[in-house]
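Quick notes on the structure that follows.
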Amino acid sequence: MQRYELIRLIGRGGMGEVYLAHDKACSRRVALKKIREDLSDNPLLRKRFLREAKIAADLIHPGIVPVYSICSDGESVYYTMPYIEGFSLKHLLKSVWQKEILSKELEEKTSVKAFLPIFDKICATVEYIHSKGVLHRDLKPDNILLGLFGEVVIVDWGAAIFKHAKELQQEKDEEGFSSYGQKNICYSSMTVPGKIVGTPDYMAPESLLGAEASEKTDIYALGLILYQMLTLSFPYRRKKGRKLPYEDSILSPIEMAPYREIPPSLSQIAMKAIAVDPVQRFSSVQELRKALQPHLQGESEWTTRDILSTKDRKNWKYYEPILLSRYFPVLASSPAQWYNFMLSDMEVNSSVRVECSVTKSSVQEGVGIFFPPSKEADKGEFYCGYGLWFSSQNNELSVSLIKNGIEIQKESQGIIPQQSRFAISIEKSNNKITVFVDQILFILHIDYLPSLGERIEIIIQDLQGISNITILESIGALRVSCLAVPDAFLAEKLYDQAARFYRKIRDSFPGRKESYEAQFRLGVTLLTQIEEQGGDLMQALSTFDLLHGSTGAPLEYLGKALVYQRNGSFVEEIRSLLLALKRYPQHPEIPRLKDHLCFRLYDSLHKHRSEALVFMLLILWIAPEKIGLREEERFLEFLHHRQQSTLFCRIDKTPLQFKSSKMELFLSFWTGFTLFLPELFQRARDLRDYQALIDIFYVVCASGNKEVFSQFAEDLAIFVDEVVFPKSLHNQRGEELVLFVQGLAALQNREYRQAKEFISAVPFALQLYALDLFSLQAFIDEEVKVFSDFLQDIYNSASAEDHKHVLVYMIQVSLWNQDLKQAYELLSKNFPQDKGLIEYSEAFVLWGCYLALTGDRSAVKAHFSRCQFKYGRSALIGKCIDDDSLDYLEGLVWWEKKKTLFQSYFLLRCLHAPKERYEVYRQAYISMENSFFG
């Protein structure tokens, strides 16, 4: 085990112990599980321990921790896995057991609604292992790990085995498995080596009586877990070792915990899963999951209303060829394209799901599915309302969201070249449009204006390329809402009539959902009316104020966020959403806010890309489960050039994973959104994650938040006195981290002599962090001589290999000192222009500054005009040559804006611009607040 350094014990089980360890070869933290020393001489248990590792290694699923390595040489028997930050389900349940009063936070975390998605993920993992022929045989809260980023993983595969394997009989023979009579069943909470496999408390009755394990024994354990989630208690209460006769009845979850508001059907699901007779249980985990679906996240139950055949004219009011460019010019690639056009005779309500499949060839030509309002469609205005256009080119599928004939959103993803058909699902409900292709989310759009009855419209060239179309309606939507009348007025833009009816409903149903929903829609009505007819949008805020403290309180902040969004007050919009999420994290309306966050993310990617980073951070922190693997890949690609421009990403070579603490820190750095830094600091400190702590202090310093920096520094000093940091490949330890932080504090206080003493005592990588932070401060404060000496000391003590990392700062000093010769030599030798410079790189900007120093203003303008990305940071820096308005900087994210101001100031100094010109940029840089909110 020389490769691994054990940091601390995480947990202990029946056979093994799990440690947090440092992998020296890969410079990463891992979880290392080794067989207990008191059991290491038992050949049967060694065999079972290795079988556990091999089974886990063969299973690939998000709910199963992958195995990195397995070692069985000599006395050492262990295997390693990724370390997942989090806690066990048992830990969460134990925190509320036998407590009469719970804190609000704990009550929300352990609510039925909060537990159901967790249970579904557990079931999904068990369904997967059953499909691979594996039985876990020891499912219990102890073996369920809840990660900080929404992960739900099953651990401890010591009892796992393949169904019908020979080992089942061998275990009985070798372990002396004896058949227990009904009256002799005892219960404990731990796997008993040498007797029975599994934890008796969670074993099905037939297993305790000696029957072989099966899928239904795992289902029984799942049922017990669900029972505990619903009731926060175990179904039977017996002292350890006490017999439990089967004649004792088990109370249903509703009877056990009547205060928990458990739906009767959910209670029945739990009781069916723990039925004594295996025949009465669910036949499979898939069946169990299917029964749960209507309860998950308030998901609507759908019923098939009709199936429309594209070949049967009776289903369609209009069924004729059209010239695509006549109605949808934005979609037509050729003015002479003719398509089959079909408009349904039936009318669908506002909650509808449309399902069909289309061939690859038809998508290459383009397929449209639209929802025109019946009133407009009957007048031949087929382009009105919402619609989707599906097209593909070069193995890329694109989905465009069309509103009133205008494309408002477009998303594209790669497809498998051999794929011949695509399954499409479009759902319109609760003011939300979601579009899935082959179960992958393409479009999420929210419109708070209600829609009236609509028809289904299909546009396709070849009718053979589309299947029959299934129309499903929400069961809840089949009931006519009292809000339907004012919704109809609002859809017709009859704002005064709509407002009058919304007020009536609000006053008629005090304390009920209809009341607060009517008040929210009243606010949307007034906001829309002001936006269309002119006026102060902020007047609508008072309408949403009336929701304060009501049963629909989160909608107050959602409504205000809508006002601020339309008013262009982005910071206030974010503040409103955060208040709702902080005050009401488990409120039934919070999923609505999470959906809104997702919509704003996708919408900002399409319209305001700088805002997207903030929404990305919020979703990563609050609702990471909303982001799928395909979206993760897309977002990582979107962030790639910023990653290349971030110092701590270049120094720390650990890959930037989307759902990680490092990504949260990365987004905090770029957005200036430091609200989550205290939690990130505490997490890194508890994990003794040296590199993460360095990065956090760098980000805090870059933000300029001295108060947070001081608090973190005090906490770190106390912590380092109490613990020992693990060695890394660079022998970096806690003492060096303290020196580094003291050096940064000295730089902040302009105590340069002390700063030099502290920073000179730390490794070069840490010196580079300090150098980068000092460079911004030194040039803005015009203390370049001190910085130059600091830089020279670091350069002299660094290795030849490390010299390349400080070249940018040396060039900056040369340019500031107007040393054209040295600046040119450094630039041409290390960043030759003929090799092609990346336009968002520091070197590209420094070449522009060099040209400015030569006095050739036209050459400088030509240099920056070469930028392909006209709204990229480098292109915007060039605008300062002729424009001092700073308005063009508003589209930049916080750190981009700050860096652009600095580099524009530096460029103007090189251009020998009048002081009053470059002082505008200097003061703008200084005046930037030290955080997102200011």
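Each Cβ is built from the backbone N, Cα and C atoms, and glycine gets one as well.
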*ILE10, GLY11, ARG12, GLY13, GLY14, MET15, GLY16, GLU17, VAL18 bind ATP according to Swiss-Prot; which of LYS33, LYS47 goes with them?*
LYS33
*Show, in sequence order, which residues other than ILE10, GLY11, ARG12, GLY13, GLY14, MET15, GLY16, GLU17, VAL18, LYS33 on the same chain lie with their Cβ within 8 Å of the centre of the Cβ atoms of the ATP site.*
ARG36, ASP156
*What count of other C-beta atoms do you get within 10 angstroms of the C-beta of ARG12 (ATP binding site), across all chains shown?*
10
*Among ILE10, GLY11, ARG12, GLY13, GLY14, MET15, GLY16, GLU17, VAL18, LYS33, listed as contacts of ATP, what is the widest Cα spread in Å, to the nearest whole number?*
14
*ASP138 (active site, proton acceptor) to VAL18 (ATP binding site) - Cα separation in whole Å*: 17
*asked:* Just to confirm my parser: what is the rounded mean pLDDT across the domain 'Protein kinase' (4-296)?
replied: 81
*asked:* I want to check the contact list for ILE10 (ATP binding site): same chain, sequence separation of six or more, C-beta distance under 8 angstroms. What comes out?
replied: VAL18, TYR19, LEU20, ALA31
*asked:* These are the binding-site residues: GLY14, GLY16. Which one scores highest on other Cβ atoms within 10 Å?
replied: GLY16
*asked:* I need the least crowded one of these recorded positions (VAL18, ASP138), counting other C-beta atoms within 10 angstroms of each C-beta.
replied: VAL18
